[in-house]
Amino acid sequence: MATESLSGHLVVVGASAGGIAPLLVLAETLPPGFAAPVCIVLHVGAQPSLLPELLSNKGPHPAVHARDRQLLTNGVLHIAPPDHHMLVDGRYLRLNRGPRENHTRPAVDPLFRSAALAWGSRVIGIVLSGFMDDGTAGLGTIKDCGGIAIVQDPATAEEPSMPQNALDHVEVDYTLPAARIGPLLARLVSAPPGPDLPAPEEVVREVSINRGEDLVENLQAIAQPAGLACPDCGGGLYEVKHSRPLRFRCHTGHAFTVRSLEGAQADNGELALRSSVRALQEREILLRRMAAISEAAGAPSQAEAARREADRLLRQVRELGAMAGAVRGEQP
(Lines of atoms letter the chains of each structure in order from A and count residues from 1; the text may use other names and numbers.)
(Lines give C-alpha, C1' and ligand atoms only; values in the text may rest on other atoms or scores of the structure.)
Protein backbone atom coordinates (compact mmCIF):
# COMPACT_ATOMS: atom_id res chain seq x y z
CA MET A 1 0.00 0.00 0.00
CA ALA A 2 1.29 3.46 -0.89
CA THR A 3 0.63 5.85 1.99
CA GLU A 4 3.90 7.80 1.91
CA SER A 5 2.27 10.81 0.18
CA LEU A 6 -0.76 10.77 2.48
CA SER A 7 -0.94 12.66 5.76
CA GLY A 8 -3.48 12.75 8.53
CA HIS A 9 -6.29 10.26 8.97
CA LEU A 10 -9.31 9.07 7.01
CA VAL A 11 -12.58 8.19 8.74
CA VAL A 12 -14.91 5.69 7.04
CA VAL A 13 -18.40 4.92 8.35
CA GLY A 14 -20.91 2.21 7.49
CA ALA A 15 -24.56 2.09 8.52
CA SER A 16 -27.83 0.50 7.47
CA ALA A 17 -31.22 0.11 9.18
CA GLY A 18 -31.46 2.51 12.11
CA GLY A 19 -28.28 4.24 10.97
CA ILE A 20 -29.60 7.74 10.33
CA ALA A 21 -29.98 8.56 14.04
CA PRO A 22 -26.35 7.76 14.98
CA LEU A 23 -25.12 9.50 11.82
CA LEU A 24 -26.96 12.65 12.91
CA VAL A 25 -25.38 12.36 16.35
CA LEU A 26 -21.95 11.90 14.77
CA ALA A 27 -22.42 14.97 12.55
CA GLU A 28 -23.50 17.01 15.57
CA THR A 29 -20.63 15.93 17.82
CA LEU A 30 -17.71 16.22 15.39
CA PRO A 31 -15.95 19.40 16.54
CA PRO A 32 -15.38 22.38 14.23
CA GLY A 33 -12.09 22.17 12.36
CA PHE A 34 -12.14 18.36 12.31
CA ALA A 35 -8.85 17.42 10.70
CA ALA A 36 -9.82 14.43 8.56
CA PRO A 37 -12.12 13.56 5.66
CA VAL A 38 -15.14 11.42 6.54
CA CYS A 39 -16.62 8.91 4.08
CA ILE A 40 -20.06 7.45 4.76
CA VAL A 41 -22.01 4.57 3.26
CA LEU A 42 -25.65 4.22 4.28
CA HIS A 43 -27.68 1.44 2.68
CA VAL A 44 -30.09 3.49 0.54
CA GLY A 45 -30.16 1.32 -2.58
CA ALA A 46 -31.27 3.25 -5.65
CA GLN A 47 -33.71 5.47 -3.75
CA PRO A 48 -33.19 9.26 -3.62
CA SER A 49 -31.47 10.35 -0.42
CA LEU A 50 -31.58 13.57 1.59
CA LEU A 51 -28.81 12.44 3.92
CA PRO A 52 -26.35 15.22 2.91
CA GLU A 53 -28.93 17.88 3.76
CA LEU A 54 -29.82 16.19 7.04
CA LEU A 55 -26.20 15.92 8.18
CA SER A 56 -25.24 19.42 6.99
CA ASN A 57 -28.11 20.91 8.97
CA LYS A 58 -27.21 18.96 12.10
CA GLY A 59 -23.56 19.84 12.57
CA PRO A 60 -20.77 22.28 11.70
CA HIS A 61 -19.44 20.32 8.73
CA PRO A 62 -20.72 20.21 5.14
CA ALA A 63 -22.06 16.89 3.88
CA VAL A 64 -22.21 16.11 0.17
CA HIS A 65 -22.97 13.25 -2.14
CA ALA A 66 -19.57 12.23 -3.46
CA ARG A 67 -18.59 12.80 -7.09
CA ASP A 68 -16.31 10.55 -9.10
CA ARG A 69 -12.66 11.66 -8.76
CA GLN A 70 -13.58 14.07 -5.96
CA LEU A 71 -10.71 15.15 -3.73
CA LEU A 72 -11.02 14.04 -0.12
CA THR A 73 -11.27 17.16 2.04
CA ASN A 74 -10.79 17.51 5.79
CA GLY A 75 -13.99 18.24 7.66
CA VAL A 76 -16.27 17.24 4.76
CA LEU A 77 -18.70 14.33 5.08
CA HIS A 78 -18.50 12.51 1.74
CA ILE A 79 -21.59 10.31 1.30
CA ALA A 80 -21.97 7.49 -1.22
CA PRO A 81 -24.75 8.48 -3.64
CA PRO A 82 -27.66 6.12 -4.28
CA ASP A 83 -26.93 3.03 -6.39
CA HIS A 84 -23.16 3.65 -6.46
CA HIS A 85 -20.29 1.98 -4.66
CA MET A 86 -17.78 4.47 -3.28
CA LEU A 87 -14.08 3.54 -3.33
CA VAL A 88 -11.01 5.34 -2.02
CA ASP A 89 -8.13 5.82 -4.46
CA GLY A 90 -5.35 7.72 -2.71
CA ARG A 91 -6.66 11.20 -1.98
CA TYR A 92 -9.59 10.78 -4.36
CA LEU A 93 -12.94 9.03 -4.39
CA ARG A 94 -14.11 6.79 -7.21
CA LEU A 95 -17.73 5.88 -7.86
CA ASN A 96 -19.04 2.97 -9.86
CA ARG A 97 -22.14 0.86 -10.37
CA GLY A 98 -20.30 -2.40 -9.97
CA PRO A 99 -22.02 -5.61 -8.87
CA ARG A 100 -23.81 -5.55 -5.54
CA GLU A 101 -22.05 -6.74 -2.42
CA ASN A 102 -24.11 -8.28 0.36
CA HIS A 103 -27.14 -7.74 -1.88
CA THR A 104 -26.75 -3.94 -1.79
CA ARG A 105 -25.24 -0.97 -3.62
CA PRO A 106 -23.76 1.14 -2.14
CA ALA A 107 -22.15 -1.37 0.20
CA VAL A 108 -19.88 -0.77 3.17
CA ASP A 109 -17.23 -3.42 2.53
CA PRO A 110 -15.90 -1.93 -0.77
CA LEU A 111 -15.38 1.45 0.92
CA PHE A 112 -13.64 -0.02 3.95
CA ARG A 113 -11.50 -2.37 1.87
CA SER A 114 -10.29 0.29 -0.56
CA ALA A 115 -9.64 2.77 2.26
CA ALA A 116 -7.51 0.23 4.11
CA LEU A 117 -5.47 -0.48 1.00
CA ALA A 118 -4.89 3.20 0.21
CA TRP A 119 -4.48 4.70 3.69
CA GLY A 120 -3.26 1.80 5.83
CA SER A 121 -2.90 2.65 9.51
CA ARG A 122 -4.36 6.11 8.92
CA VAL A 123 -7.87 4.68 8.52
CA ILE A 124 -10.46 4.78 11.31
CA GLY A 125 -13.39 2.51 10.49
CA ILE A 126 -16.79 2.77 12.19
CA VAL A 127 -19.75 0.37 12.05
CA LEU A 128 -23.09 1.77 13.20
CA SER A 129 -26.62 0.38 13.49
CA GLY A 130 -27.70 -1.92 10.70
CA PHE A 131 -29.15 -5.24 9.65
CA MET A 132 -27.04 -8.31 8.75
CA ASP A 133 -23.24 -7.96 8.53
CA ASP A 134 -22.08 -5.64 5.74
CA GLY A 135 -18.94 -3.86 6.97
CA THR A 136 -17.66 -6.71 9.13
CA ALA A 137 -15.21 -8.05 6.55
CA GLY A 138 -14.11 -4.53 5.62
CA LEU A 139 -13.55 -3.59 9.25
CA GLY A 140 -11.37 -6.68 9.60
CA THR A 141 -9.37 -5.51 6.58
CA ILE A 142 -8.86 -2.11 8.21
CA LYS A 143 -7.43 -3.86 11.26
CA ASP A 144 -5.27 -6.12 9.08
CA CYS A 145 -3.71 -2.99 7.54
CA GLY A 146 -3.01 -1.32 10.90
CA GLY A 147 -6.08 0.90 11.21
CA ILE A 148 -8.49 1.51 14.08
CA ALA A 149 -11.89 -0.19 14.45
CA ILE A 150 -14.83 1.45 16.24
CA VAL A 151 -18.27 -0.11 16.68
CA GLN A 152 -21.45 1.41 18.05
CA ASP A 153 -22.48 -0.36 21.23
CA PRO A 154 -25.12 -2.84 20.00
CA ALA A 155 -27.18 -2.16 23.12
CA THR A 156 -27.66 1.42 21.88
CA ALA A 157 -28.35 0.54 18.23
CA GLU A 158 -31.86 0.40 16.79
CA GLU A 159 -30.75 -2.62 14.75
CA PRO A 160 -27.85 -4.29 16.58
CA SER A 161 -26.90 -7.08 14.17
CA MET A 162 -24.37 -5.11 12.08
CA PRO A 163 -22.35 -3.86 15.07
CA GLN A 164 -22.72 -7.19 16.85
CA ASN A 165 -21.40 -9.13 13.85
CA ALA A 166 -18.42 -6.78 13.71
CA LEU A 167 -17.72 -7.46 17.39
CA ASP A 168 -18.07 -11.21 16.81
CA HIS A 169 -15.48 -11.33 14.01
CA VAL A 170 -13.11 -8.37 14.45
CA GLU A 171 -10.74 -7.33 17.24
CA VAL A 172 -12.44 -3.97 17.76
CA ASP A 173 -10.59 -1.12 19.49
CA TYR A 174 -13.57 0.84 20.81
CA THR A 175 -17.22 -0.03 21.47
CA LEU A 176 -19.32 2.90 22.62
CA PRO A 177 -22.59 4.80 22.10
CA ALA A 178 -22.88 7.07 19.08
CA ALA A 179 -22.74 10.21 21.24
CA ARG A 180 -19.19 9.36 22.33
CA ILE A 181 -17.80 8.54 18.88
CA GLY A 182 -17.36 12.16 17.70
CA PRO A 183 -15.25 13.26 20.70
CA LEU A 184 -13.21 10.06 20.40
CA LEU A 185 -12.51 10.78 16.73
CA ALA A 186 -11.30 14.27 17.60
CA ARG A 187 -8.68 12.73 19.89
CA LEU A 188 -7.70 9.97 17.48
CA VAL A 189 -7.09 12.22 14.47
CA SER A 190 -4.87 14.50 16.56
CA ALA A 191 -2.53 11.60 17.35
CA PRO A 192 0.05 10.14 14.96
CA PRO A 193 -1.03 6.95 13.17
CA GLY A 194 0.47 3.60 14.01
CA PRO A 195 2.79 1.69 11.70
CA ASP A 196 1.38 0.44 8.41
CA LEU A 197 1.06 -3.29 7.96
CA PRO A 198 1.54 -4.96 4.57
CA ALA A 199 -1.80 -5.35 2.82
CA PRO A 200 -2.66 -9.02 2.28
CA GLU A 201 -2.68 -10.10 -1.37
CA GLU A 202 -6.39 -10.88 -1.23
CA VAL A 203 -7.12 -7.27 -0.24
CA VAL A 204 -5.22 -5.96 -3.25
CA ARG A 205 -7.07 -8.37 -5.52
CA GLU A 206 -10.51 -7.66 -4.04
CA VAL A 207 -10.04 -3.93 -4.50
CA SER A 208 -9.09 -4.67 -8.11
CA ILE A 209 -12.30 -6.67 -8.45
CA ASN A 210 -14.26 -3.70 -7.08
CA ARG A 211 -12.62 -1.56 -9.75
CA GLY A 212 -13.67 -4.05 -12.43
CA GLU A 213 -10.13 -5.20 -13.19
CA ASP A 214 -9.25 -8.79 -14.20
CA LEU A 215 -12.30 -10.25 -12.45
CA VAL A 216 -11.74 -13.93 -13.23
CA GLU A 217 -7.98 -13.92 -12.65
CA ASN A 218 -8.29 -12.12 -9.32
CA LEU A 219 -11.19 -14.29 -8.19
CA GLN A 220 -9.39 -17.55 -8.93
CA ALA A 221 -6.34 -16.30 -7.02
CA ILE A 222 -8.24 -15.65 -3.78
CA ALA A 223 -11.10 -18.15 -3.82
CA GLN A 224 -12.05 -21.72 -4.63
CA PRO A 225 -15.22 -23.11 -6.25
CA ALA A 226 -18.00 -23.52 -3.69
CA GLY A 227 -20.43 -25.65 -5.67
CA LEU A 228 -23.16 -23.02 -5.23
CA ALA A 229 -24.91 -20.66 -7.62
CA CYS A 230 -24.91 -16.88 -7.29
CA PRO A 231 -28.44 -15.81 -6.31
CA ASP A 232 -28.05 -12.56 -8.26
CA CYS A 233 -26.80 -13.82 -11.63
CA GLY A 234 -26.83 -17.64 -11.51
CA GLY A 235 -23.07 -17.95 -12.06
CA GLY A 236 -20.82 -20.20 -10.02
CA LEU A 237 -19.86 -19.00 -6.55
CA TYR A 238 -16.35 -19.16 -5.12
CA GLU A 239 -15.52 -19.30 -1.42
CA VAL A 240 -13.03 -16.57 -0.47
CA LYS A 241 -10.03 -18.04 1.35
CA HIS A 242 -8.94 -16.80 4.79
CA SER A 243 -12.04 -14.63 5.15
CA ARG A 244 -13.81 -13.64 8.32
CA PRO A 245 -16.73 -13.96 8.25
CA LEU A 246 -17.09 -16.65 5.58
CA ARG A 247 -17.65 -14.93 2.23
CA PHE A 248 -18.40 -15.84 -1.38
CA ARG A 249 -17.88 -14.17 -4.76
CA CYS A 250 -18.98 -14.94 -8.30
CA HIS A 251 -17.08 -14.34 -11.53
CA THR A 252 -19.15 -11.26 -12.39
CA GLY A 253 -18.29 -9.55 -9.09
CA HIS A 254 -21.25 -10.17 -6.78
CA ALA A 255 -20.11 -10.80 -3.22
CA PHE A 256 -21.83 -12.17 -0.13
CA THR A 257 -21.11 -12.96 3.46
CA VAL A 258 -22.51 -16.32 4.45
CA ARG A 259 -25.44 -14.55 6.16
CA SER A 260 -26.28 -12.31 3.21
CA LEU A 261 -25.99 -15.33 0.89
CA GLU A 262 -28.43 -17.31 3.00
CA GLY A 263 -30.81 -14.36 2.99
CA ALA A 264 -30.60 -14.03 -0.79
CA GLN A 265 -31.17 -17.77 -1.22
CA ALA A 266 -34.23 -17.52 1.03
CA ASP A 267 -35.56 -14.64 -1.08
CA ASN A 268 -35.06 -16.63 -4.29
CA GLY A 269 -36.54 -19.78 -2.78
CA GLU A 270 -39.62 -17.95 -1.60
CA LEU A 271 -40.01 -16.27 -5.00
CA ALA A 272 -39.78 -19.64 -6.78
CA LEU A 273 -42.38 -21.18 -4.49
CA ARG A 274 -44.72 -18.20 -4.85
CA SER A 275 -44.39 -18.43 -8.64
CA SER A 276 -45.24 -22.13 -8.51
CA VAL A 277 -48.26 -21.41 -6.32
CA ARG A 278 -49.49 -18.78 -8.76
CA ALA A 279 -49.12 -21.12 -11.75
CA LEU A 280 -50.99 -23.92 -9.98
CA GLN A 281 -53.74 -21.55 -8.86
CA GLU A 282 -54.27 -20.36 -12.41
CA ARG A 283 -54.47 -23.95 -13.67
CA GLU A 284 -56.94 -24.83 -10.90
CA ILE A 285 -59.18 -21.91 -11.91
CA LEU A 286 -59.03 -22.99 -15.54
CA LEU A 287 -59.89 -26.60 -14.69
CA ARG A 288 -62.94 -25.53 -12.68
CA ARG A 289 -64.05 -23.42 -15.63
CA MET A 290 -63.57 -26.45 -17.90
CA ALA A 291 -65.62 -28.57 -15.48
CA ALA A 292 -68.49 -26.08 -15.64
CA ILE A 293 -68.39 -26.04 -19.44
CA SER A 294 -68.38 -29.87 -19.61
CA GLU A 295 -71.28 -30.05 -17.15
CA ALA A 296 -73.30 -27.61 -19.25
CA ALA A 297 -72.48 -29.58 -22.40
CA GLY A 298 -73.82 -32.80 -20.90
CA ALA A 299 -70.44 -34.45 -20.31
CA PRO A 300 -70.53 -35.23 -16.55
CA SER A 301 -67.59 -37.66 -16.65
CA GLN A 302 -65.31 -35.03 -18.18
CA ALA A 303 -66.58 -32.48 -15.66
CA GLU A 304 -65.84 -34.82 -12.76
CA ALA A 305 -62.32 -35.54 -14.05
CA ALA A 306 -61.61 -31.80 -14.30
CA ARG A 307 -62.93 -31.21 -10.77
CA ARG A 308 -60.78 -34.03 -9.34
CA GLU A 309 -57.68 -32.57 -10.97
CA ALA A 310 -58.60 -29.09 -9.70
CA ASP A 311 -59.02 -30.46 -6.16
CA ARG A 312 -55.61 -32.15 -6.39
CA LEU A 313 -54.03 -28.87 -7.50
CA LEU A 314 -55.74 -27.02 -4.65
CA ARG A 315 -54.08 -29.37 -2.15
CA GLN A 316 -50.71 -28.72 -3.80
CA VAL A 317 -51.32 -24.98 -3.67
CA ARG A 318 -51.96 -25.15 0.06
CA GLU A 319 -48.87 -27.30 0.67
CA LEU A 320 -46.60 -25.04 -1.39
CA GLY A 321 -48.08 -21.94 0.24
CA ALA A 322 -47.17 -23.33 3.64
CA MET A 323 -43.65 -24.13 2.39
CA ALA A 324 -43.22 -20.60 1.04
CA GLY A 325 -44.19 -19.20 4.43
CA ALA A 326 -41.78 -21.56 6.17
CA VAL A 327 -38.87 -20.19 4.10
CA ARG A 328 -39.19 -16.96 6.12
CA GLY A 329 -40.29 -18.64 9.32
CA GLU A 330 -43.89 -17.44 9.02
CA GLN A 331 -46.50 -19.06 11.21
CA PRO A 332 -49.36 -20.84 9.39
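Keep in mind that glycine also has a Cβ here, set from the backbone N, Cα and C atoms.
Taken straight from TrEMBL:
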DOMAIN    5-192  domain 'CheB-type methylesterase'
ACT_SITE  S16  active site
ACT_SITE  H43  active site
ACT_SITE  D134  active site
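If you take every residue in the domain 'CheB-type methylesterase' (5-192) and average the pLDDT, you get 97. Each residue contributes its Cα atom, and for D134 (active site) and H43 (active site) those atoms are 10 Å apart.
Around D134 (active site), taking its Cβ as the centre, 32 other Cβ atoms fall within 10 Å, counting all chains. Between H43 (active site) and S16 (active site), the C-alpha separation comes to 5 Å. Within the same chain, residues at least six positions away from S16 (active site) with a Cβ under 8 Å of its Cβ are L42, H43, T104, V108, S129, G130, F131, M132, D134, E159, M162.
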